[in-house]
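Over in TrEMBL, the protein carries these features:
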TRANSMEM  A:35-54  transmembrane segment
TRANSMEM  A:74-94  transmembrane segment
TRANSMEM  A:115-137  transmembrane segment
TRANSMEM  A:157-176  transmembrane segment
TRANSMEM  A:183-207  transmembrane segment
TRANSMEM  A:227-248  transmembrane segment
TRANSMEM  A:255-273  transmembrane segment
Amino acid sequence: MTALTTEPAVSATRQEPGGPWKAVFALALFESRRLLTRVPVLMAFAVYIGWTVWRGGKEGDGFPALQDVDRATQGAPMLIGLAVLLSVNHAAVRSQRHGTEQLLTVLVLPLWRRTVAHALSVVAAALLTAVCVAAQFGREALRPGAVGHGSVGELLVGPLTVLLFGLFGLLVAGLVRSALVAPLLVVLLLFLFVFFSGLGYEARWLLPAVEDATPNTLPSDLLGRPAAWHALYLTGLALTLGLLAVLLAGGRRPAVFAGVAGALAMTLTGGVAQSAGDSPELLRARERATVHPEQVQSCVRRDGSTYCAFPEWGPRVADWAGVVNRVRSLAGGDAHEQDIVVRQRIEARYGLDGDSALTPLERPHQVTVGTRWGGNRVPEFSAAVAGVLIAGDEKAATSICDGRIIPLMWLAVGWESDPLDALRRVRLNDTLTGSDSVLQPTDGLYMTEAHTEVLRALLDLPRGEAGARVKDRWDELTAPKVTAARAAGLLGLPAPEGDDKCS
Amino acid sequence: MLLIRHLVLPVHRTVPWGQVGAAGAVGLLLAALTRTGESAERLSLYLLRAAILVFALGLAFLLDDPARHTTATVPTRRPVRLALRVALAVPAAAAWWLVALLLVPPDVRPPVADLTLEAGAAFVLAVAGGAAVVRFSELTRPGRSLAAGLLTTSVLAMLFWPGRWALFVPVEDERWGAAHDRWAVLLAVAVILGALCTVEPLRRRVRP
C-alpha cells in the first residue's frame, strides 16, 4: 500500500522580517571593515592623524580663533578621500576581477543592493573622518586661550570630501570595470585641484575644500564664507554620484530616480547660492568694523585702563591687561600711572584675502591690538603699549627716531621671562645686533645699531638694577631728541660705538 | 634569434596594451594641459611629473600575465621572456615620452635630459616593482596592487621625502643638479633590482 503525503511542498525561500535590507546592512558592515583595513586607507589615516597631531600645537600659538580652526580641518581629509576612492573602486570590481560575479548573482542581493552596501561602507569612512575632525576641533576649542565660534558647515567639509570621493570611485567602478582607472583618477584629481584652485573667487567654490590661507583673522560674522551652502552643495553632489552608481548597477526604482532628482536639486541650490558673492550687508558690516569699530565693540575697564574688543574676543581682555600692567610697572614718572585705551582693530574691507597694515591711531593714549595673540603678537603689542606710554599717542610713537627707543624697548621686553628671546622675535629679521625694524600691530619702529647696543647692555644688567636706573632717569630718557650716547650716559652704561642714524 | 622572432608575436599578445595605452592617453592629456594658459605654463614641470607618474602606473601592469603559470615550464627562461616584454614596451614608452615633451611649449619646457632621467627612473621602478612581485608571489596580475602601492608611495614621498635627499625640486632650485644625481642612483638601483628579480625561483613557496 502506498501512502500519499498530503503536506503541501513549502517554498524554499522564507521572508525574513528585515527583508533584503538586513542582508545589505550585514554586507555593508563587512565592506566597511574591509575598506577601513585596506593598506592605502590605513596609511592615509595614519598620515592624516600623525600630521594633525604634529601640527596641532602650532596653530595660533595656543590662542586659536575657532573661526580659523574649523577651516584648517578641511584640507587634510582629501588624502583619506583619495585613498577611499582607490579602495572602494577596487572593492566594487572585486567580484568581476575574481570571476565570482556569476556566483554572487544567485544570492539574495542583486548588484544594485551590493552597490548600496559599498556606498554605506564609504559612509562609514566619512563618519570616521568626522570623528577625527571633531577631535581636532575639540582639542583646539578646549584650549584656555580659544576665542570665537566654529561653523558646522566648515567642519562638515572634511567628512563630505571623503564621502564625495568615495562615491565618485564607486560610480567610476560601475562605468569602467578596470583596475587602472582609480589610480589614474587619483593623479588627475590631484592635479585638477591644483589647476582649479587658481580660478576666480566664485568658481573655486566648486572644489570640495576652499582654503583661505591668510594671516588675517576676522570676527566670524565678517568672514563671508558661504559654508552652509557649500556643505549643501557637497552633500548634494555626493548623493547624486552615489545614487547614480546605484542606478547604473540596475536599481531602477522610482525612489532612486526621485533621490537623484532631489540630490541634483540640492547640488544646484547649493552651487548657485554659494557663488552669490559678498552681500551688500556684509560689505557694510565689514566697512563699519574697519572704520568705526567702536560701534560694534564693547569696552571693559580694568585697573583704570579701558579695553575695547569685538564681542568674540571678550575672554582675551585679561591677557591684554596682564601685558599692559607689566609694561606700566616698568615705567617711571607719569607713565607709571597713565591709563590707556586698548582698541582692537581689523582691516576687514578686503575680506580674508586682504592683508593690509593698520594705520596708527592719533587719539592720545590709544593702543591698537590685533585679532591674533600668542607667540610674536605678545611682544609686538607690548612694544605698542610702551610706545604710547612714552610718546603719548600711537602716531607719535611709530615715528620715534631717537634715544627714547631704548626705554621703550626696555618696557616692551624687560618684563618677559626671556627678554632677549622676546627682543629677537619682535625684530623683523630676528636679529640681536645691528640695526633692525621692530614690529608692532600698526607701523613699525626702527632701532639703530647704537640703540641696540645700549639696550643689550641694559638687558645684561640684573633686572631690578636695570629697572631702577630707568625709573630714576625717566624724564631725561623720554625727552625727545635724546641720543643713544646720552641715554647710555644717563643709564651709567658704556657709550655705544655703532651708528646712530635713523634711515 | 629565430626563437626570439617566433616569440615576439605571442608575447606581444599577452602584453596589456590596453592598460598601458589608457595610461599613456591620460598622461598626454596632462602634458597637453600646459598649453591651456598662463598659469598652466608655470605648472609645466609638475604637469609633466604627473604625466610621468600616470604612465608609470600604466607600466605597472606591463608584467601582468594570466598565463605565467602555464609558461613557467617552457624551455625559454623567464629573464628572456620578460626582457622581450620590456623590449616591446621600450619603443612605446620612448615614443610616448617624446610626444609628451613636444606637447609642452618649448619656452616653458623643463631641462629635457634631467627630466628624461626622472621619467626613466620612474618607469624602470614601476617595471622592476612588477618583476619583484612576480618573483616573490604567485600572482598572475600584480598590476593592480602594484599601481596602488606606487601611487601611495609617490604621494607619501612627495609629502615627506626628507629635504636633505630632495628628489622633487623645482627647476630654479640650487639642489636641481644634486637631485638628479640621486635620480640616477635610483635608476641604477631599479635596473639592478629589476634584473635580479627576473630569475625564475627554483622552488615555489607553497602556501600552508
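A Cβ is built for glycine as well, from the same backbone N, Cα and C atoms used for every other residue.
Because TrEMBL annotations are produced automatically, they should be read as predictions rather than curated entries.
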Check: Mind checking which residues reach the transmembrane segment (A:115-137)? Cβ under 8 Å, same chain, six or more beyond either end.
Finding: 24-25, 27-28, 30-32, 34-36, 41, 45, 48-49, 52, 56, 66, 69-70, 73, 77, 80, 84, 88, 91-92, 109, 150, 155-156, 158-160, 162-163, 166-167, 170, 174, 242, 245-246, 249, 251
Next item on the list: State the residues, same chain only, that lie 6 or more residues beyond the ends of the transmembrane segment (A:74-94) and have a CB under 8 A from a CB inside it; answer 'none' if no residue qualifies.
Entry: 31, 34-35, 38, 40-41, 43-45, 47-48, 51-52, 115, 118, 121-122, 125, 129, 132-133, 154, 157-159, 161-162, 164-166, 168-170, 172-174, 177-179, 181-183, 185-186, 189-190, 193, 208-211
Check: By a Cβ-Cβ criterion of under 8 Å, what residues six or more beyond either terminus of the transmembrane segment (A:157-176) are in contact with it?
Finding: 73-74, 76-78, 80-82, 84-89, 92-93, 115, 118-119, 122-123, 125-127, 129-130, 132-133, 182, 185, 189, 208-209, 227, 230-231, 234-235, 237-238, 241-242, 244-245, 248-249
